[in-house]
Every structure is written in structure tokens, then in C-alpha cells.
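Take a look at the structure set out below.
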Amino acid sequence: MTGSSLRELLRDDLRDQTAYGAPQLDVPVALNTNESSYPVPAAVVETIARRVGAVASSLNRYPDREFTELRTALAAYLTRTTGTALVADQLWAGNGSNEVLSHLVQAFGGQGRTALGFTPSYSMHPIIARSVGTTWVDGLRGAPSGVFDLDLDRAVEQARETDPHLVFLCSPNNPTGTSLSLDVVEAVYDAAPRAVVVVDEAYTEFARPGTPSATTLLDGRERLVVTRTMSKAFAFAGVRLGYLAAAAELTELLRLVRLPYHLSSVTQAVALAALEHADEMLAMVEAIKTERDRLVAGVTDLGLTPVPSDANFVLVGGFADAHTTWQALLEQGVLVRDVGIAHHLRITAGTPAETEAVLAALATLDRSHRQER
Ligand SMILES: *Cc1c(COP(=O)(O)O)cnc(C)c1O
């Protein structure tokens, strides 16, 4: 059977979809998927080895299906860093926050149901929602204060109009970098009375000081969910550990859709090792924020237009054709991300040497790469 006829066997609603596909290329300067450029610290590597060693001989058995020790450690971590008192029953985890998002759409989305998001935002939100047949509604951000800010009144209006079963908010937003005011979260929650409202906080550790987490809104809001990940600030993308905080009654329902034993004993052990060293894992966050700010200043000096960022990346505008410039940078060994927004490229903040490399590569580009103004 050929590939094209196989496609005809595919579910109708998937036939014209494209898969997630950030290129994984072996380049000297990889600033395209918002990973940390810093390796896992030696002390943490030691704890990982010890904890994995301790479970290795019991790998003949299934893991703790309830991952109780990990949920307890995650609750303690969030309580300490957000100031919201949380308990283990309010925590849920998966193999990356993509998996916990997938549990949410399996439980609350599906055929005949609608999910609302506000583009441009994380490209996986619609892909995950549609994977179970949920109808995706592309809302608009359209704020007067800046092209990419999500305007409260417009968000409320679209939530009322759509009356969705799921709403995806993202703060700080990928790929724009902007944080969302909690007023918007509260207003959207009230305007979508039957929706599970998801706030994706993958980049929250990079936000400016004084930016509160949406976990502070959980009390009394049983449909609100805050998702987090160890992939970005925690410098642990290879482990695949994402989690969420919500009402205990909501996390209980996710047990209906998860596959049994979805978090391996090894994953649980490794995540616990990192949480034991949370401060060391997060130690590079300040250094990365410094590089982000240097990136903003550097591209501004080059006459480009960065979007203000609360994350570990900067969306940079001012290119004539984003894909042509993406290719020209790649030829210089610098991989950034073409997120499909005209005239813009997204650049991850890495090490000082990487900042210098990307700025030097941008400086070599001639006028033909610049958008006419
Ligand atoms: C990177 C990212 C994630 C992380 O996904 P994992 O599956 O945890 O690696 C989640 N949400 C957003 C908005 C992201 O950019």
C-alpha cells in the first residue's frame, strides 16, 4: 500500500493536517526550541545516577501509577515558588507538558466540542486539541497597545461568542514572549462558563519580577488549570516531564484518560532528583534573562524590532522575508525559528557566546534582508 492511499485511511479530520516539525539539525548554535543551553550541573547528575540506580533492580515491576512522591515534591516546589499553598492531589504530571495537555483535551475536548485559543500562540495547542477531534477556534489577540498583546475585552467577547469547552491561554506567550495579566485570565474564565481554562506557564520562571502565577487564582475556580514544564527554565527538556496544578476534583478526572503507568520509574526518579536540586536547576535563569536582554538591545542596535519578552526567547521583527533570513543564518551555523509570522523570527536566549554568534550573523546580512519601512 502506498503512502498516499494510506492517507485515505486516515481519520477525515486529520487528512489535511501537518505534524509538529521544528527541525532538529546538528548546528554549532541551536537557538530554535527554547531549550536551556546549559548542561545539567554535576551535583544533579550525581543525584540522578544515585536515584536511577536505586530503582534499576525493580524495573521488572510497573512504576507507582499514582507517582505520589513526585506529586508531593511538585506541590512543595510550586507552593514555595508561587506562594499558593498546593497539595499533592492538585498536581498531575506527564511525559512533557504536551502529555498533560493531551490528557486535558482527551477528558474535556473531543468530537463536537470546541477549543478556543488566541493566535499567534503555541502551535501545539491546536494540534493536541484536534488530535482527539476537538474543533479549534483561532481567536485573535488584537490589542491596541501592541500587535501581540491579548486584549481583555476582545478575549471576553470571543469567549462569549464561542462558548468553548476548552480555552488555551499562554503566559508568557510563545512565540511572542509577552505575559498575560491575571485580569484577562479571570475575565475569560467568567466569560466561558462551561470551559476548562488552561494557562500554559511553560516560561513563567523567566518573567519579570512581580509577575504572579495563575496558580494564585486556583482557589475557588474548579475549571482553571495551570500547566508547567521542566523543559525550559529547569533545563531538563530531555527528561520529558510536564505537570499541572488544578482542583483535586479535576486531576481525579484525568485518571480516566491517561494510559496506566504512563510515568516510568526512571522518569519519576530523575524528576525527583532535579526537584531535590531545584535551586541549582534554576541557577542559570538569571544569566539567561541577561542574555535575552542583550539580544533585545543587540537586535535593536541593528535596526530590527524585538517584541518585549518575559521568556527565554525574543521574537524579532523587521525581516523582508523570514524564511530567506532563517536560511541565511543557518548557512552561518545559527539555527533560529521561523514561527510562520511574516517578517519575524524567534531567537532563543542561550549563552553569552551564542548571543554574540547570532548578533554577528545578523550583522553580516545585507539590506535585502530588511523589511522596507
Ligand atoms: C516548550 C513549551 C512547552 C513544553 O512542552 P514539554 O512537552 O513540556 O516539553 C509547553 N508549552 C509551551 C507554550 C512551550 O513553548
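The backbone N, Cα and C atoms fix where each Cβ goes, glycine too.
Taken from TrEMBL, the feature domain 'Aminotransferase class I/classII large' covers 29-362. Within the model, the domain 'Aminotransferase class I/classII large' (29-362) carries an average pLDDT of 96.
Cβ neighbour count for Lys232 (N6-(pyridoxal phosphate)lysine): 26 (other Cβ atoms within 10 Å of its Cβ, all protein chains included). Taken residue by residue with DSSP, Lys232 (N6-(pyridoxal phosphate)lysine) is part of neither helix nor strand, so it is coil. Annotation comment: TrEMBL describes Lys232 as N6-(pyridoxal phosphate)lysine.
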